[in-house]
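Undergrad: Please read through the structure below; I'll follow up with questions.
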Amino acid sequence: MAVRWLCSLFGKPFDGGKRMDHGSQQQHPAMIRLYEVQREVQSLGPQVCTFSGLKNEREYRRLERELTRLLLEVDQVDTEGRADLQGARKRAAQEVEGLLRYLEENATHPSRLAIEELSREAQRLVEQGVVEPQRAGGTAEISDELVDAVQELILRLTQVKTGGSVPLRKARYRALTRLCAVQDVIEGRTRQQTLPLSEDTHVAVQRINQVMVQVSGARSQLVALLMGLSGRDSCAHLSRVLTELLVELDALDVSGNAAVRNYRKQVVEEINGLLKHLDLEGEGDDTRRYDLAQNDSIRQIEAVRGRVGQLRGEVLRHCGVGDLFRPKPELQSLLTHLDQVDTARNPCIREARRRAVLEVQAVITFLDLREALICRQPGSNEPPQHRAVWMVLGSLSDLQAQVLCFNGKRADKSYILLEELLTKQLLALDAVDPQGDEMTKVARKQAVKFAQNILSYLDMKTDEWEY
């Protein structure tokens with residue numbers, strides 16, 4: 001059954017399918033109680049709709065307990081055998097049951113469990129690479145392997161499908177936000193250039209050096225907090241500690257010594273870099289930032305994609321009548337525009353931009369090859385193997401036109417056919433023997449790369465990615 005309250009969660013109240021009018025029905029105790037239940041359901045609805053946790057969390061148990069209580073109260077309403085009261089009780093029970101199902105389905109959805117498993121994998125990774133060395137009294141050495149592993153987890157999180165579900169989008173957004181913050185912190189440590197000054201330089205240097213040691217510990221503590229590995233501490237507590245360090249640094253008298261002033265400034269910047277990640281406790285709960293469809297950068301990207309679609313259609317239409325439409329200057333300007341889109345280090349926005357760039361480049365490479373085929377004037381002494389490569393390129397151009405206008409799924413017969421035909425062209429290129437001719441070697445290598453790019457583009461169009 002469709003959960004009808006979803007259409008009116010954030011505005012129009014739901015009346016169970018039948019608004020009660022003034023009269024005998026409104027005065028009946030059973031109808032009054034059902035209406036009270038209805039109001040409680042309307043209050044719980046938005047909380048259920050936006051809950052993005054799991055079944056073992058306290059908020060899930062609270063919502064489940066409240067809904068179960070309401071369901072029991074509805075069952076206990078005495079309808080006295082009246083059909084109107086029985087209908088109202090049935091509708092109220094259906095709405096409560098619908099909320100319970102929605103709550104459970106999102107908390108146990110395969111995508112929600114995938115997000116949780118990736119989060120746990122990130123926890124294990126960060127605990128071994130950052131937290132445990134710090135707890136042992138040492139300093140974690142951030143390796144390239146750790147940085148690469150975090151980046152891989154971020155990419156895997158962006159690929160988790162949400163199907164547009166608000167709870168799933170929130171869960172993915174929260175996991176991504178925290179892992180991106182961890183990535184920023186550990187990469188900041190590897191980029192860190194601030195070196196302690198000699199304490200003989202100035203009387204304030206000793207205290208600044210001590211603060212630097214505290215900041216190093218706070219960095220590992222922040223990573224532990226972001227990954228849920230610190231049971232005793234809180235973001236609020238760490239924020240107070242770092243703010244107090246800023247106040248203390250600001251009170252130090254370093255006038256007249258430019259080197260010490262610059263040193264203090266660098267330490268202050270490191271503290272501010274950590275503080276900016278400490279407002280993530282409610283991230284995705286009190287904001288709608290997880291709804292990237294409302295993001296300005298995504299809107300810019302979508303506008304570019306819309307224009308690319310129009311240009312692609314014009315290019316293919318002209319090719320169909322033997323003409324060549326050349327909108328390359330505009331396509332190049334669209335690439336420049338995409339390059340200027342602010343991704344705010346959000347991996348989903350970065351991926352959306354990357355895909356838009358590939359869409360533009362696919363049209364440009366198609367035009368380049370078409371022009372090359374039209375302008376080609378083979379000489380009488382052209383080697384047969386070189387001519388064979390150009391024949392494959394002609395076939396690839398025709399196939400790319402089909403790929404550009406393809407709009408289906410991987411299970412479609414047209415997709416399978418395109419993939420098979422492109423693979424055959426790769427095999428045909430593999431069968432070309434350059435016979436030592438360097439020009440043929442280069443041409444074949446470029447043709448292979450071109451065919452592989454078409455296959456990759458076809459895969460990208462059918463992988464059902466979402467931001």
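Heads up, the Cβ atoms here are built off N, Cα and C, so glycines get one too.
Predicted automatically and left uncurated, TrEMBL annotations should be read as such.
According to TrEMBL:
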type: DOMAIN; residues: 36-107; note: domain 'BAG'
type: DOMAIN; residues: 204-282; note: domain 'BAG'
type: DOMAIN; residues: 330-371; note: domain 'BAG'
type: DOMAIN; residues: 385-462; note: domain 'BAG'
Undergrad: Who are the chain neighbours of the domain 'BAG' (330-371) in space, where the CB to CB distance is under 8 Å and they lie at least 6 residues beyond its ends?
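TA: Hits for the domain 'BAG' (330-371): 154-155, 157-158, 176, 180, 184, 292, 295, 297-298, 300-301, 304-305, 307-308, 311-312, 315, 319, 324, 393, 396-397, 400-401, 403-404, 450, 453, 457, 460, 465, 467.
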Undergrad: On the 0 to 100 scale, where does the mean pLDDT of the domain 'BAG' (204-282) fall?
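TA: Mean pLDDT for the domain 'BAG' (204-282): 82.
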Undergrad: Tell me the residue counts in helix, strand and coil for the domain 'BAG' (36-107), as DSSP assigns them.
TA: 58 helix, 0 strand, 14 coil
